[in-house]
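Report on the following structure.
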Amino acid sequence: MNSLVLNEELSQLSLLVIYAAMAIFTLAFFVSGYHLSQAASTKDKNLKTVSVLERVALALALLGTLILAAGVIMRGIAAARVPWANLFEYSITGALILMIIFFISIRAKEVRILATFVVGFVLLVLGTAVSIFYVQVASLMPALQSYWLVIHVMVALLASGFFSLAAALSVAYLLKTANWVEKGKTKGIRNFKKVMEVFPTKEKLEQLAYRFNIVGFILWSFTLIAGAIWAERAWHRYWGWDTKEVWTFIIWTIYAGYLHANATRGWSGKRAVWLGLIGFAAVVFNFTFVNMFFKGLHVYSGL
Amino acid sequence: MSSSQRYESPDIGLTGWARWIWRQLTSMRTALLLLLLLAAAAVPGSIYPQRSADPNGVVQYFRNNPDLAEILDVFQLFDVYTSVWFSAIYILLFASLVGCVLPRTQIHFDALRAEPVQTPTNLSRMPVYESTASPKGLDPVELGKNILSKQRYRIAQRGDSISAEKGYMRETGNLVFHFSLVGVLLAVGIGGGFSFSGQRVLAEGDTFVNNLAGFDSLSPGTFFNPETLAPLSLTLENFEVDYDFLNKTNIGAPLDFRATVTVRTPADQKGTTHLVRVNQPLDATGASVYLTGHGYAPEITIRDANGDISYSGATVFLPQDSKMTSIGIIKVPDNLPEQLGIVAFFYPTASELESGAFTSIFPGVIDPLLSMNVYTGDLGLDSGIPLNVFALDTDRLTQVAGRGTENPGLEIKLGETADLPNALGTVTFDGIKRFASLDIAYNPGQFWVLLFSLLALAGVIISLTTPRRRVWVKKLGDSFEVAALSKRDDPRLEEFVRELTKAIRNG
């Protein structure tokens, strides 16, 4: 006989902690945005203030990450299992993983400059999680009681984290190379162009995006294989074109196309960057719409 | 069109055209377009229900949108992944892949045997380039050669320069990846042909014999041979479910399903007992047994007016909700004055609603109740058309008990007996068993699919993380030059050249 003990009070507390993390992330977002605008407009003499601003923004983001980590761990303890078994938990753990990957990567200063994008995206994910995806702690349905839950979902979240950072770099690339920005006519656009000049060169952005996408692609391939192994154990077949399997396949294929595009004359550069972003759009679609509205065996959103 | 405007194309003949088409097909651009097309073509299969994954969904779709469904069906949108157009795309993609990879394999084999390329005359044109004074009294080319050979570069010395290459694994990994994908496709196709999966519902105490007649339904592959079914029988000894009683917000959630089964084979007549759970199938020789569903099978006995038994046994009731309100159909064609049909509801923990109807409020058995609507007349069993055992065709039946008739529906508690209307006899609720839905499946291809998938994964990791480098060191009077070139992305190339230069400089 199972004797599972859920701790709903701790789960409520975990939610409060996540709200606190969001508050800190919001601060980090504004300071980081302010840093970008200062860096764009400053002359050399103010460089010190600028780098202080950047450090404050990153410190706030780090604080937010630590608080978020506490919230995620509390949620796991409250549910007496890994905190990634429904859409709410995927989101908070996914946001945490993205922040961790970000902080591991910021040794490269080209990644550091993405702080505004990344923190903004994490805020969006957490906001959606607490407002739309929230569910109380519940036991794991028997179909999810497998160590493959730990592996398969964790690797999928890691892959999504790398894809997200690549997407942030790609967006920066597109903003930097967009015609309307380069030929900016209004004052607003000219100022925006100055902000984009703070970002690395377009070659560097493209190259970094490619590297993050490569790691994401490898992890996604592993997610697919691990999912098939688990599907064989749980559902008697390794592949059955379940909606979630279909979308995992679609995402894999788009990113495979992206890798080919980078080696195809006439397709590298802007077109490849767009392809990578289409892949990321498919990741987001799979995570939200497919989880919530599509019929299939992966009905684990908890909603 | 006037003749002066006509474009005169050279007559390349049939083989010329074939060669042209093949070259187009095997070009990178075509591969890319086919990949994107494949991704797009997979989308409709997630929007419309598929016969393979969700056959009931397709039936439902035809019922709700009959006209649209007809049209969609013409375009095979309910069988996307076996459709002509989806198959065409992936077959073309794989043709393109093979056509691209085979010549590359030849080129790679040649490259593996060839010497590193000539040192370019003007090294400063290379993407990474350094030049500095040579160390006193030492030969920079010799030093570079020592360092690079320790790093397992392949080196060719030509006069005052060396040309070194490394990273052949990049292309090796790439080729392994692509060939493994062909392996995956073949293993999926051939394995699927020899596979089968069958479903069987077993109440506690029932036995399944692994032959064609033993399955409730069977989906065999094209080359499946029933003779190859392993000679075994499987008895469901008992089935246990743990529900959450403890946590207020989680009450009634299933925590564990356990099927205890005994498997007997000719070599093991006494049988061996196993535990089958979700995520923990039983791997027998020639087939695995998976637990895919469960429910209640109340034991019901129907007697005629004389007290002689006309129906008896555990009847499978299909669960309708998470609290296990279940519906069962009982058909008694013989041994009674009239044919009898019953639509029965089972509530493991019954609770009466204000309307007087019942519902179950907990999925476990706490206060069980059976309620029944009774019909008499013609069950339609003699028409020869196979009927769904989980549905009662009431067209030629008359309802004699239950809502809308003068007799109330029967309500029977465990162990009790109720009278059938019109003095037809009695119904007794003897006991409650559980049933398990089992999938018995075998796919000889899946081992190979996994093997090739892992090979492909290894190949792509090696290919994407190994830089393919060409490095040159050249002596120019008292100084020396170092230059390097990399195929595609190579994050550490600059750092590498800088350190190599420094190492040579310092002797």
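From the backbone N, Cα and C atoms, a Cβ is placed for every residue, glycine too.
According to TrEMBL:
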TRANSMEM  A:12-36  transmembrane segment
TRANSMEM  A:56-78  transmembrane segment
TRANSMEM  A:84-106  transmembrane segment
DOMAIN    A:84-298  domain 'Cytochrome c assembly protein'
TRANSMEM  A:113-135  transmembrane segment
TRANSMEM  A:147-175  transmembrane segment
TRANSMEM  A:212-231  transmembrane segment
TRANSMEM  A:246-261  transmembrane segment
TRANSMEM  A:273-294  transmembrane segment
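Contact between the transmembrane segment (A:147-175) and the transmembrane segment (A:56-78) is absent: fewer than three CB pairs lie under 8 Å, with pairs separated by 6 or more positions in sequence. Counting residues 6+ beyond its ends, the transmembrane segment (A:56-78) has Cβ neighbours under 8 Å at 6-11, 13-15, 17-18, 20-22, 24-25, 27-28, 31-32, 35, 89, 92-93, 95-96, 99-100, 102-103, 106, 112, 115-116, 118-119, 126, 137 in the same chain. The list of residues near the transmembrane segment (A:12-36) in space but at least 6 beyond its ends in sequence, with Cβ under 8 angstroms from a Cβ of it, reads 50, 53-54, 56-58, 60-61, 63-65, 67-68, 70-72, 74-75, 78, 92, 113, 115-116, 119-120, 122-123, 126-127, 129-130, 134, 195, 198. For the domain 'Cytochrome c assembly protein' (A:84-298), the model gives a mean pLDDT of 93.
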